[in-house]
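Engineer: Just lifted these from TrEMBL, have a look:
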- 14-32: transmembrane segment (TRANSMEM)
- 34-154: domain 'Piezo transmembrane helical unit' (DOMAIN)
- 39-66: transmembrane segment (TRANSMEM)
- 78-96: transmembrane segment (TRANSMEM)
- 155-180: region 'Disordered' (REGION)
- 205-225: region 'Disordered' (REGION)
- 213-225: compositional bias 'Low complexity' (COMPBIAS)
- 286-523: domain 'Piezo THU9 and anchor' (DOMAIN)
- 288-311: transmembrane segment (TRANSMEM)
- 331-350: transmembrane segment (TRANSMEM)
- 359-381: transmembrane segment (TRANSMEM)
- 393-413: transmembrane segment (TRANSMEM)
- 425-441: transmembrane segment (TRANSMEM)
- 461-480: transmembrane segment (TRANSMEM)
- 501-525: transmembrane segment (TRANSMEM)
- 561-616: domain 'Piezo non-specific cation channel cap' (DOMAIN)
- 670-836: domain 'Piezo non-specific cation channel cap' (DOMAIN)
- 749-772: transmembrane segment (TRANSMEM)
Amino acid sequence: RMFHDDELEESEKFYVGQPRVLLLIYALYNTLVARSEMVCYFVIILNHMISASMITLVLPILIFLWAMLSVPRPSKRFWMTAIVYTEVAIVIKYFFQFGFFPWNKYVDYTKDKPYHPPNIIGIEKKEGYVHYDLVQLLALFFHRSILKCHGLWDEDEKGDSSSNKEDTDDELSLTGGRRDSSASLKSVNLAASVESIHVHFPEQQTAIRRKSSSSISQLSHRSSFSSHRSKRETLIISHPAILFFSESYSVVKSHCGLYCFRTLQVYVPIRQFFYNLIHPDYSAVTDVYVLMFLADTVDFIIIVFGFWAFGKHSAAADITSSLSEDQVPEAFLVMVLIQFGTMVVDRALYLKKTVMGKVIFQVILVFGIHFWMFFILPGVTERKFSQNTVAQLWYFVKCVYFGLSAYQIRCGYPTRVLGNFLTKSYNYVNLFLFQGFRLVPFLTELRAVMDWVWTDTTLSLSSWICVEDIYAHIFILKCWRESEKRYPQPRGQKKKKVVKYGMGGMIIVLLICIVWFPLLFMSLIKSVAGITNKPLDVSITITLGGYQPIFTMSAQQSQLKDLNQTGFSAFLGSYRGNTAALQFLEGYGKEDITLADLEGNSNSLWTISPPRAASLSCCIPTPPQDMAQGIVQKLLLPQLCSAAGVKTGGRHGGPISLLGTCFCWAEVGTLETVYPYYIKAPSDSLAKPIKQLLTDCRWENITVSLVKNVSDEGVREWWVLNQLGKRYKTSEESLELFIFSDKVSPPSLGFLAGYGIMGLYASVVLVIGKFVREFFSGISHSIMFEELPNVDRILKLCTDIFLVRETGELELEEDLYAKLIFLYRSPETMIKWTREK
């Protein structure tokens, strides 16, 4: 065998024979070595998330705007900058840990202040101030050792020096001995090679690269570099930038001075770096838009479920409860709009395939996000970024987006964008994901309109949407046809029970659940997940029809008592044998019953004018001997108005109206069957008496008396009431009232429970039933478009429309679209096109 080595073979056998744990450790180490630069990026970002200071802010920005944009990899200058900067940061932090600095004397008071200057700069005194910086420095040294082992540490420096030397020799020969000019030019190019400065043919080179992309891929790097260099050597003298730096250096130095020269030394390499990035000689075209979109979607979900982390006074807020109360938090609105706006701009740049716009957007987004997250957000939330876990998670996902975006810029946008990324293969996963994508409200429509706006096409918006709809429908049919080929069904064989009971049984259960969902939901929401709604205030008012109230009283706090288990058992025992009462009590527990102890003396004085007092006894044949007797006789008339109001934690229970109640009395001052002893306080309707718990459905008796108090200030009168037959005997005048409170739904489900049973039927069941009916009816009208045996030719026609659109053949796009429309207008042609091959 050729290249056979016994030692290598023995080494391979020894390696394979190692334990699995050791092999896993080897694999993890090799992964770490292969992705050592990603480890450095991760540690730098993690250090900035924990520290969140201006000192640690520099390196993450350099990562997204320098390191990840470098082709083919970050240069030695970047890694040396990161290493030296980390070392200097460690020294600075160590120096400011001494206690003689004024701000270090009140560390406990200022450590949580986000706008305290030492906290912003990163020089505050704290425990473990340098731990993450040391880990960052260790990761950077580890990456440097890996580069040195592979001979990549000094690669850039050697390449730059050799190219500078060759270009300098060529310039000397072409310019006729202008040694001073070339020397000055070489001094300018401390951060960029002369070769990079000489490239100034954006329009011509871009057009040539795109038209001859296939031929370029066949050329070697050496030959292409030589041809490019020869073209550069012939045009170097006439280039204005080179003439400026070579011939006018003395003028610049005399007029602008050393400061302007230093500024140019920094500006020129940066400008040339981004110029070469936008106009690369070669580009490995890639497409990571899907991953960027997923990163933005994750950030969008984090904002929706953690919006309270971006506001000041919304730490304890809940998005579902806020929206159910028709309240839109400002922090939630701003974050959602910004996130959605960046997703739209990113989609537009992707469709236009403009690398320059993506670079500008990347720079704006990197600086804007870092400025907002680390300087504005801490002031809004009044807490440091390092204490905001949700904001840290959002920033980390955004850093993943920045890395993907930098990779997209470095490699360049794809030449053609054909169809949806979910339609690249025809299996069940792509089918269900694509159908789920189309079910998201307005997402399909928004994507179609954006694609039409930012794509060069000759089709109108309606024609564009028509093509998109046909393509989606044909893709779904293609997936079903492929599944039928993978899992064929023999002819004449009945369906298996697993399929029938699996699919049919699931549909049956689903339809039954939809039909009976409101009843089941309202039953379980009260019995299983219901919350006890204790009354907060109980008030009672007795009013003569058309006159002022004669008695008002209320009970709060200590006057509202809960029943213990013994009292509740005794209460149930008193109704043993009463079927109606026991049936009513089954829905209540001891925690749902409240006893209100109302004092018998009225809260308000009874004031009435003499004419109105005389009118109270006008209907009595014999004038009463006493005003109280006359009033009591007046109470016998069917004009009594008694009301009891119950205020609960959920809402205000309505009064109980007892108008038109007829009764008799045995003695003066005693009112029979006028007092509602038991009251039901529903959460969504007016309070009402409970007749099931009354003896023979008759209300309780009370006694009334008018008390007069004669003093120097005048005569004062008020009414005193006392209940007869109270369960808890008391010697003083008082009234007892039992309140049965219905359970209420939890706040998180209140938006559904608030509709009630009929509301749920009208808003949920009927709407869902409409969609279900559309699925089961009208199938006969779509047979000619649904039952297509072979859709490959139609799918290829749609793909051809996408392809000619991307290549700019707009006239051919119109012809193919007309062919597609004719195909759907002609059933005979459709049959010929969709036959099995």
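Backbone N, Cα and C define each Cβ position, glycine as well.
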Engineer: For the domain 'Piezo THU9 and anchor' (286-523), I need the partner stretch with the highest count of C-beta pairs below 8 angstroms, choosing only from 34-154, 561-616, 670-836.
Structural biologist: 670-836
Engineer: Can you break down the domain 'Piezo transmembrane helical unit' (34-154) into helix, strand and coil residue counts using DSSP?
Structural biologist: 84 helix, 0 strand, 37 coil
Engineer: Short question: which residues 6 or more past the ends of the transmembrane segment (78-96) have a Cβ under 8 Å from it?
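Structural biologist: 40, 44, 55-56, 58-59, 62, 66-67, 70, 104, 118, 122-125, 129-130, 133-134, 136-137, 140-141, 143-144, 147.
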Engineer: I'd like to know the mean pLDDT over the domain 'Piezo THU9 and anchor' (286-523).
Structural biologist: 86
